[in-house]
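Trainee: Sharing a structure with you now.
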Amino acid sequence: MSDTTSHDSIDFDRYDRIRPIRWTGDALELLDQRKLPFTVEYVTCTDSDAVAAAIHALTVRGAPAIGIAAAWGVVLAARTVDADDGTQAATRLAPAMQRLNDARPTAVNLAWALARMRRVLAASGADWREVITREADAIASEDLAANRRMGALGAALIAPGSGVLTHCNTGSLATAGFGTALGVIRAGVAQGRIDKVYAGETRPWLQGARLTAWELQQDGIAPTLVADAAAAHLMSTGAVQWVVVGADRICANGDTANKIGTYQLAIAARHHGVKFMVAAPSSTVDMDTASGDLIHIEERDPGELFAVGGVRTAAAEIDAWNPVFDVTPHALIDAIVTERGVIERPDGAAMRAAFGG
Ligand SMILES: CSC[C@H]1O[C@H](OP(=O)(O)O)[C@H](O)[C@@H]1O
């Protein structure tokens, strides 16, 4: 795993104004991503079940972001239990933590964050409330640092003058800030490596058209929006040198779950000689899941396919199938970038060398 990075010429503060998750000390404020880009509005959660509902409803979304939100959900749940130490608290918090865990199945970051909160609870005494509050804050601050490092590592792979296509939203809205794949793109633009950014609309929830387009506009990086169906044709024109995407779960052999439509981008990219990069923090790596066929792919309400913005766009009285993730086999991935470094041509051996197991 290589680790050549250059943080120079990246003005992180310029690119880092959006915060989808705000802890007030008493409540968790979540930027309501169902309403972006036309309405910027925060939802206030004062208990853990409200956080679980917000994760399920995609009020807050994005693998790292839902882990961070769930960690603060545990802090809110702690308000409802009395316990002499962390072990007793963990037992009494278990039902609320299970409901947080069950909010969405595919992104490993949710379970990872809750497991981290359980670990510190088990090791804490009478100060367990302060301990879990510090841990939730650490999960968020470590994610921001990881994204900034990943941005530099990933951008270093991209030759100056490149065009890049991204999918879904993997920016500040999906993380503690700066983003994963969008962090690579922000860094690549800042360093003059990326001349053109294309964003796939990402049906049916339109994370690309609604969130990535809006988010990059805040940075003065206006992407060119493309229909999901136009991606392969775009690659055939030679306008794109890299496809850069995020991840929801990276398996022990490098197989990667990400937003539905990622797999076909990888197939088209390989056919057209376009490089394919996955950028994700190590909290997205799941060495306990051997391969992509074992990942639970979330299926959401088919109604998400029938309408856009509340306006029906599909014929009446038809069925729909709405899986919202798919799995890209590691053989189609040219590089996996985490904050620990770059894994080129990922496979089981490379993943074990980087992450153990
Ligand atoms: C850095 S976010 C990773 C991942 O999460 C998104 O899914 P969703 O919008 O359903 O939460 C998408 O798959 C991103 O690539």
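Every residue gets a Cβ built from N, Cα and C, even glycine.
Feature list, courtesy of TrEMBL:
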- D248: active site, proton donor (ACT_SITE)
- R61, G62, A63, R104, Q207, N258, K259: substrate binding site (BINDING)
- C168: site 'Transition state stabilizer' (SITE)
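Give me the local environment of each listed feature.
Mentor: Listed in sequence order, A63, T106, A107, V108, N109, A257, N258, K259, T284, F325 are the same-chain residues six or more apart from D248 (active site, proton donor) with CB atoms under 8 A from its CB.
Classification of R61 (substrate binding site) by DSSP places it in coil, neither helical nor stranded. Around R61 (substrate binding site), the C-beta neighbours below 8 angstroms that are at least 6 residues distant in the chain are Q33, I55, N169, L173, A174, Q207.
Non-local contacts of C168 (site 'Transition state stabilizer') by the CB criterion (under 8 A, 6+ apart in sequence, same chain) comprise G200, T202, Q207, G208, T212, V245, G246, N258, K259, G261, T262.
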Trainee: Determine which residues of the same chain, besides R61, G62, A63, R104, Q207, N258, K259, have their CB within 8 A of the center of the CB atoms at the recorded substrate site, and list them by sequence.
Mentor: I66, A107, C168, N169, T170, A174, G246, D248, V324, F325
Trainee: Using DSSP reduced to three states, classify Q207 (substrate binding site) as helix, strand or coil.
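Mentor: Once the DSSP labels are grouped into three classes, Q207 (substrate binding site) ends up as helix.
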Trainee: Taking the residues R61, G62, A63, R104, Q207, N258, K259, which the record names as binding substrate, find the longest CA to CA distance and state it in Å to the nearest whole number.
Mentor: 17
